[in-house]
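Listed in Swiss-Prot for this protein:
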- 67: phosphoserine (MOD_RES)
- 105: phosphothreonine (MOD_RES)
- 394: phosphothreonine (MOD_RES)
- 1167: phosphoserine (MOD_RES)
- 1229: phosphoserine (MOD_RES)
- 1494: phosphoserine (MOD_RES)
- 2-479: region 'Globular terminal domain' (REGION)
- 24-67: region 'WD40-like repeat 1' (REGION)
- 68-107: region 'WD40-like repeat 2' (REGION)
- 108-149: region 'WD40-like repeat 3' (REGION)
- 150-195: region 'WD40-like repeat 4' (REGION)
- 196-257: region 'WD40-like repeat 5' (REGION)
- 258-301: region 'WD40-like repeat 6' (REGION)
- 480-523: region 'Flexible linker' (REGION)
- 524-1675: region 'Heavy chain arm' (REGION)
- 524-634: region 'Distal segment' (REGION)
- 1213-1522: region 'Involved in binding clathrin light chain' (REGION)
- 1550-1675: region 'Trimerization' (REGION)
- 1128-1269: repeat 'CHCR 5' (REPEAT)
- 1274-1420: repeat 'CHCR 6' (REPEAT)
C-alpha cells in the first residue's frame, strides 16, 4: 500500500502548450502577483507583446501589443501596471482606460503589488509605495541599506497592516549565493539588515492570547547550513504573551550543496510554512513549533516565482519549463501522517485542535477516556470540547457527564463541559436541550435570551416546545431560527403579530390552513382579523377563498369590517368577483344605505347583479342610484319625473346614458307631468344632447307643447355654435314671438348660417315696428336694391337716410342707383350725396351714374371737390371723362393734370381718340397699353421715339420678339427716324444692346453701319467699331475683312482672338500683321493655319528671336528635330533644352545635339545640360573629348551618365566615368563585362559591397576563375541572407567540389555563422556523406538541426540522424530511427541513454518488442533502465503473451518491490514451474498483491508436499481455516494443523482437530493440541473426550492450568463486588445535580477550581482560573 502524503501536488497548466516561448519563461519576463493571473512579456517578430493568462480561463490567453520593460497584473482585477524606462503607468484592461501615470527620477529595479491598490517600487537607493487611487504620487518609505548594494532584488513583503516592510536580495559571494534582507519598521522608522534568502510575515493567535501576534519567518542557507527562524516582531499587544522564538535546521541533501531557499509562503488556514528551494525542493513547517512536517522534491527545474494559492490555502509557482504547480496541505492525510509517519502525536493533536483537522479521532477518544477514567472531568471536558469536527460532542458524552455526580462546593462536570462549549461557540441540538431544560426550570429565562442573542444555541422544534410553556415570544424566536413554520405561524397568531404570518409563510414556502387561522384570530380580535384577511388577498392570487373569508366575517356579524375587507379585496374589479360585489352592496343597502351609496358613487365595481341592486336602491330611497341601474324604460319613466328629488346636474348627465328614443320619451313624460316645473331641466337636457337627439326632433317636441319660451331658451343655447340654417331661422322666429327684438338684431348681424332670403321675407311679413333687423339682413346680403324699393314704396324714407348715414354709408352708390331707378328727384339725390360725402367710393358712384348715362349730374359735385383740393384719382378720372366727351380742351387736361389714372382714362380714349390715349398712356408709362394702341393704329414712328426715349431693355425685348408681327416696320422707324434724331449716347447704347439681346445681327449691322460708317457723331466710337466687326463675324463673315481694313479704332488683340475662336484665321493673321504683333501672327500660322513653310518664310522676313523660338518649338513637336535645333540656334534660345534632349535621344541626332548643348552650355551652366553633353559625347564615341571634359570643372552627374552608359553596354565610356567618380562597385561590374577579372576583384575589394562581391563572384564562376570566385565568395558567405543564392548558383552549374572547398575555407572566418555550418552539413550529406559525422560531432551546436535533420533523412544517414535527434532533444524520433534502422543506427549505450528521456511511453513497449526480436540477451538490461516509468502490468502481460517470462525473471525480481499483482503472479508461476518453494514462500510473505485463493487451489494439488504446505498457509491467510487444517491433516502436517486451528479462534474447528487426533491415535499430538488451542477449547468437552478415550494422563496438565485460572478469576470478582458495594453506599449520601437550589453554571467566581494536570502527549491545556465572561455569571 502506497505511503500517505500530507500534501496535494498538482500541475495546473504548461505555458509552452499555450504558445509561450520557453526563452520568455524567466524571472525578468514572467510575473505572477497572485493565483489569478500570469503575465509574460514576449516578442513576436518585431512586435513586443504582453500575454496575460487568466487562471480561471487559461486556454484563452490575452495578447496585447505593449512595449514595456516590465508588466505586473493586479492581484484581483484586470488592472495592469507597466514600466518603460522611468515611466510608470496603470491601465484598466476591461475599461480600456489609463488610470494613473508617473515618471520616476531614478530607475525602478523591482516592483510588486503589495495590496489590491498599492504598488511597491524599489530603486537603487530607496523604496516607494504608490497607490493607484486618487492623484497621489509615489511615497518614499525608506532608504535601502548598504548591505543590499549590488544585490539582485528578488522579493518585497509587508505584514497585514503594512507596518513592517521587508526587502530581499541575493548576490554571488565566495562561490555561493548570499541572501541579504532589510527589515524596516514604519512606526519606529528604523532598519535592520539580516542575512536571509526567503521570508514572509504571518498573523498567529497563540493559545491564551487575546490578540494576534505578527510573526516574521525567514530562511537562510549560510556556510554552516540552513536555518528557519520564526520570531515575533515589535512589542506584543497588551495582554499577550510574547511568542517564543524558533530556530530550526533546514535540511539540504548532500547532492544539493549549492541549493538555497528562494520562496516562502505561509498558509493562514493551516498555520503551515511552505519553503521552496532553488533545486525544486519543498519543505513544510508548523508555524507554531517550527517542526518540519514534510520535505520532497516537486520540480526538476527552478521555481522562480510563487504566490499564495487561495483555493487550497497553499502555494502556487512557475518553474523554468513553464509548469504552473501548486502544493497544499492534504487535510485528510496530514494528521494521520504526523501521527503514524512522524510519530509525533503531540503535534498531531495540536494541529487538529488549532486548525480543526480530521484524523486524530482515535487520539482524542483515547485521551478523553483516559482523563474520564482518572476522574479528571475538567480536562476531559476540555478535550471533548476541543476535539476537531465535534467528534466527541455526542449525546453519549453528555450522558457520561450527567452520570458523574457533582462534588460539594464545585461546579458539576456537565456544567463545566457546557461552559467550555459556550466559550468556544455554538452548542448543537442535543447540547442546547440538555442545557436549557434546567435553566428554564430555575426561571433563568434571561440566560436563554442572552445565549440566543449570542447565537450560542442550536435551535430546534424540541427546544421551542420546551421554551413555549415559559415565554411564547421567546419560543417564536427559537422556532424561527429552527425553521419550524407551523409552530412559527401558531406563535405569531397567539402573540398578535398577524401582519407577519403571510410574509413568513411566503418566505419559507409553507401553506397553513388559512381559514382556520383566520377564525382563531377573529375570535381574539376582529380588527386584527380584518387586517389578517386583507393580507390573505393582497396578492394577485389570494391565499384563501374570499367567499369563505366573508363567511367568517358574517359568522361574527362584522358588517363594517367585512365591508372594509371586501372593498380592499375586490379593488381589481375582476369579472369572477361579481357575486361578491353583489353581496357587498346588498348587505350595505340593507344595513347602511349611505355606505352603499358611497360605494356606488365611487364606481369601483361593474360585475354585480345590476337589476337586483337597482330594485334595492329604489326601496332604500336612492332614486339616483336606481336610475343608474334601471334598464327598462317603464322603470326609468316612473322615477325620472320626480326631478325635485334628483340632482339636476346629475340628471342632465344621466340622459347621456339613454338611447335617443328613450331620452325623447322621458322628456315628453317630464313635460307632460309638470311643464312649469320640468321645463328648465328639459331645456338643459335638450341643449346638452341636441346633437344626439337631433335639433329638429327637439324643436318639434317644444312646438308640440307650444312652448316658444322653451324653444327660445333651447335654441339660444345652441345657436351660437350651430351651422344649421333652420336653427337660426327658428331662433329668429321664437325671438320675434317672445319680443326679443335686440336678440333678433344681434343674430341677424352676427349669424352667417341663416337663409337670408327666407329671413328677409319673414321680416317683411312680420311688419316689425323697428326695421333695423331687415336693414341689417339686406345690407349684409346685398339686398340693398330690394331694401330701397321696399322702404321707398312703404314711405319709410327716413330709414333710407338712417341706413346710409348710420348703418353703412359705403352703400350710398347702390342706394343712389336704386333711387335713380325709381325716378327719385335729382334734388333729393344731390342732397343725399351731400349729406354722406366722403364716406363712400367715388368710383362706384361714378359707375352707378355712368351706367344710367347721368354722369353730368355729378359735374358740379366733382368740380366742387377739385376746388376743395381733392387729389382722389377717381374724381379726376370722372372729370377727364366728362371733358373728353364734351371735347373741352382734353389734351391739355391730360398732359397737365397729375392726379388722374392714366390707364383708366387711356382706356376710355382708345376708341374715341387714339392720339389722346397715347398721350394718357405715355404720361403714365403704360407701356403695354401704348404699344397695343400704336400697333392697332400703325403709329410706329410715335412708338419708336417712345421706345428710344424710354430706354427700357425689357420693353425693347417685348417689341423685338420674333412673334411680334409689327417688328419690321418698327425697326425701320427706329433706324430711319428715332436714332437719327437722338444725340444721347445712352439711348443709342440701350437700343444697340436691345438688338443684340434680341439676336438680330443683320438688323444690328444695318443699324451700326448707319451709325458708324455714315460719318455720324458716333463714327469713331471704339465699342461700336468692335461691335460692328464682332456682329459681322457672327452674322456675315464676308464683310469682316472689309471692316478690318476700313476701321482703325478697334481692339485688335481681342478681335483677333475672337476671330481665331470663330476659325477666321486669315482675318486674325491680317489683324496681327496690320498691328505688327509678329509672335502672335506666326503663332496663327503654326497653330491654326498649320503651314510651317509660311511660318519659316515669315520668320526669315521679320528675323526676330522670339519668332524663331516659336517656330523651333513647333518644328520640335512635329518631329523635325534637325530643323528645330537649327531654329533654336538661330534664336540663340537654350530654354527648351530638356525637350530638345528628349527629342534628340528619341531620334538619335547626337551630332546636332552636341552642337545645341555646347551653345546651351555657354548660356547656362546647368547640371542637366552638362550631364547630357557628356552622354552625347559618349554616344558619338568622342572619348578623348569626354575625358577632357570630365577632368575639367563641370556640374555634370557623372555617376548617372556612367550608369546609363553601363546600361547601354558602352563599357569603355562607363569605365572612364566610374573611374572618375571612384565608384569601385560599378567599376568592378564594368571590368567584368570587359573580361578584366583580376582588375574587377581589385575593384570589388575597394568597393567592399556585398552586391559587388556577388556580381564579380558569379562572373568569375561563369568564367571558371574559381580561385578569384572563392576570394569573392568568402566575403559573401558571412552574410546569412546571401548564402542560399550563392550556393544555388554553384549547384545549378554543377560546381559542388568548388562550393564545398569554399565553405570549408570559410568555417575559420571570424564571422562564420550557423547557416554556413548548416549548408556545409547538407552538402556533405549529398556529396560527401563520409565527412558528415565528423562535421556534426565538431559543430552540432552551430548547425540548424531541423534543416540538417531533413537532409540526413533524405540521404538515409541513419546514424547521423539519431545523433542529431539526440542533440535536438527529439528523443522519441531518435529511438524510432534506431529501431527502424538497427544495422546502421543502433548502439546499446546510446539507446539506453536516450530511451529514458522519451515523452511517449508507448515507445517503451516498442523498444521491448525490438530487443526481444533483435537483442534478447540484453533485454533485462533494457528493462532495468525502463522500470521507473514502465507499466509493469502491461509489460508482464506482453511477456506472458509471447511466452518469454523466464527470459525476464531478473527484471521481475527487481520490480517486485512495487507489489504489483501481475508481477507477483508471474514470479509465483515461475517459482512453481522451477519448483523453488523457498523462493515462492519468500515472495508470498513479502508481497501480498496476488490472487491468494486461486494460487492456493492450484498448489493444493501439487505433487510436492512443500507446495501443498504453502497452499494450506495461503488458505489460513484468507480465513479459510477449515480447508487449511484439512490440507494439513491430509499431508500429516500436525504442527501446522494445530497452529492454524489456534489462529482461527474457532472452537468447533479446534475440537474437530482433537477428535481427528484421537481417531488417528495421535495421543501426543492430542496433548500438544490442548496447549496450542488452549483458549479455544471448552474444559467440559476436553474432560469428556479424555475420559471416554482413556487418555486422562495426556489431558491432566491442561486441567491443572484451567483450575488455576478459574480460581484466580473468582477471587478477583469477589474483591471487586465488595468494593462496588462500598462505593454505592457512599454515593447515596450525595445529592444529584438537578436537586441543587442554584444552577451551577451561574455559581459565579466563588467556585474554586484546583489546577488541572496537563494533557498527554505534551499538549498543555489553557489555564482554567477565573470563569470567562459571557455565560451569565454574576447574575
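Glycine residues also receive a Cβ, built from the backbone N, Cα and C atoms like all the rest.
Mapped onto this structure are the features recorded in Swiss-Prot.
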| residue | record | Cβ contacts under 8 Å, 6 or more apart |
| --- | --- | --- |
| 67 | phosphoserine | 48, 84 |
| 105 | phosphothreonine | 86 |
| 394 | phosphothreonine | 430 |
| 1167 | phosphoserine | 1195, 1196, 1197 |
| 1229 | phosphoserine | 1206, 1240, 1252, 1255, 1256 |
| 1494 | phosphoserine | none |
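Most Cβ pairs under 8 A with the region 'WD40-like repeat 4' (150-195) among the ranges 68-107, 258-301, 480-523, 524-1675 are made by 258-301.
Here the region 'WD40-like repeat 2' (68-107) has long-range neighbours at 31, 33-34, 36-39, 41, 48, 50, 52, 62, 113, 115-116, 119, 121, 123-126, 130, 132, 137-138, meaning same-chain residues at least 6 beyond its ends whose C-beta is under 8 angstroms from one of its own.
For the recorded site, residue 1167 (phosphoserine), the DSSP three-state label reads helix. Proximity of distant same-chain residues to the region 'WD40-like repeat 3' (108-149), defined by a Cβ-Cβ separation under 8 Å and at least 6 residues beyond the stretch ends, is recorded for 33-34, 70, 72-77, 79, 81, 83, 86, 88, 90, 99-100, 102, 155-158, 162, 165, 167, 169, 180, 182, 184, 186, 189, 191, 193. The DSSP breakdown of the region 'WD40-like repeat 5' (196-257), given as helix, strand and coil counts, is 0 helix, 30 strand, 32 coil.
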